[in-house]
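Have a look at the structure below before the remarks.
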Amino acid sequence: MDTLTHVLVLPEALERLDSPSIIIPRTANTSEEVVPYAHLTDLTQSLQHDLATLGISVGSKVAIVLPNGLAFVTVLLATIRQRAISAPIHPNSTREECKQIFSLMTPDLVAVMPSEASPAAAAVLAAQDLGLPVASCHRYPQSGRLSFCLALKLVNRGDETSNPSPCMVYSRDHVLAEDKVLELFTSGTTGAPKSVQLTHTNILVAMRIITSAHKITFKDRSFLITPLFHIIGIAGSLLPTLFTGGCAVIPASLPATFWQDCQDYSITWYHAVPTLHHLLLSFPMPKGGVPATLRFIRSGGSDMSLDLFNRLQKLGVPLLEVYGMTETAPAIFCNPFPVTETSTAIKRHPGQYPIPDAVDVMILPPERAPGLEPNGDLDGIENTEPVARLTKELGVKGEICLRGKNIMAGYTNNPAANREAFLPNGFFRTGDLGVIKPRQYLALIGRVKEIINKGGEKISPAEIEHVARLHDQVNDAACFRISDEIYGEVIGLAITAKSAITITAVKKHMRHHVVMFKVPDKVLLVQEIPYNRTGKPRRTLLSEMYDRGELA
């Protein structure tokens, strides 16, 4: 890969390669599919023409409601080539969740699979509610060099008053580094998702950090088992593989034969959140043990317990942890791949990462406090001049603040969130607690935010509370985090009821309104919800009370 490539468009040199870019493993109903780079480029260009025909151009937004697979990859790349913005959406989102996100981003097109294009599909219903056009990504057999092609077929025109005209098809030379590429949505403490837009430059900074730290080359094969609607799936796994000329193996779902598949497909690395690592360790190994082709395994997205860390270390494969956020581009803090497997390699510690040259890191200690306890209640500890407290001093605990070309410009159309997230000197407040260690390592020690991190899925307590209060028998609700050995954190929900109500009824209500991973794991009936002096529910206190057994 040309390390000076300034845009996320497949280098033209790769168009002539017959080496595989994507492999879709066989399933019970389908055969294995190997897609060379030449074929991937042709598929991408074909879909780019379809997008142009549908009126997609510079700055247009395409909501990609597709599962992991070839269709997702090609629609993503085609949108990038057309200088438009890709907005990946969880394919299992409910109608209400899709409608909320579509209202926030106003997509010019919603892309779905043919099976998802039925009038009853959640994304289609949400698009119809808002008058948005929907296109399904169809596969057609053909003769010649390519055995099949992909095409976007309009299945719902949306608002009848809109009839977009065909647009220019852009070449690679037209694409600019400042073009926006991705729009993703993060959970906010107010409950409403916040829109994050990233440019080519934002993502390329992260990709260069990743490929350099992990020494990823065209010889590598990644096993992509993380969702592509997450930043780590797209920019932390898929794109680093493709832009080094490697091969991404993308299963339709997580196979129980994972380790055998790693051996069969000569996988050299994979990424998983700690929850998924727990599950993978329960899967059977091939007769020869851990596949010999594995160079490293990678983890990120949530905290890793020391027990899991030690169990993964026993596999005998280098374990590389990464840390980043949607707002900062993914995995900007990477454990480097060891030069050797001997004692010269750096000893690993969970939650510690070298600070890259491309990212400026400072710590914001709290006012009137010598240290900050992880997940502590921060009410009233901030002052009006946090910039003066920023420090690079070793050993000082506080909020991690970052600045660099990888950082988003700001939350889209959300000045209030931007005032809260950015300091006057441009540093972004991550909401994570850390400390700078000797040798310029960053150690994570906790979180300021109340966001719940369930196995890498970020959940806003305010969103869960809002949905719970929609039940006509719920008087009040407070959502809080519960520590969990497998997921790291799970969702607790304390409610006060207007009259008799069952926990089963509350969970059924929640399942109707939110995607499954947001349904509370524990629902507790309480006499009163504790609030602080400013009227905010004391979620941290509820977590502490639960830990002490006071909310059983």
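Including glycine, each Cβ sits where the backbone N, Cα and C put it.
Features reported for this protein in Swiss-Prot:
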type	residues	note
BINDING	E183, L184, F185, T186, S187, G188, T189, T190, G191, A192, P193, K194	AMP binding site
REGION	463-536	region 'AMP-binding'
Tell me, how many other CB atoms lie within 10 A of the CB of P193 (AMP binding site), whichever protein chain they belong to? 20
Take the region 'AMP-binding' (463-536) and count its residues per DSSP category (helix H/G/I, strand E/B, coil), listing them in that order. 21 helix, 26 strand, 27 coil
Going by DSSP, is E183 (AMP binding site) part of a helix, a strand, or coil? strand
Including all protein chains shown, what's the count of other C-beta atoms within 10 A of the C-beta of S187 (AMP binding site)? 24
10 Å Cβ neighbour count around F185 (AMP binding site)? 23
Compile a sequence-ordered list of residues in the same chain as E183 (AMP binding site), six or more apart from it, whose Cβ lies below 8 A from its Cβ; state 'none' when nothing qualifies. K61, I85, S86, A87, M105, S195, V196, Q197, L198, T412
Restricting attention to the region 'AMP-binding' (463-536), give the mean pLDDT. 91
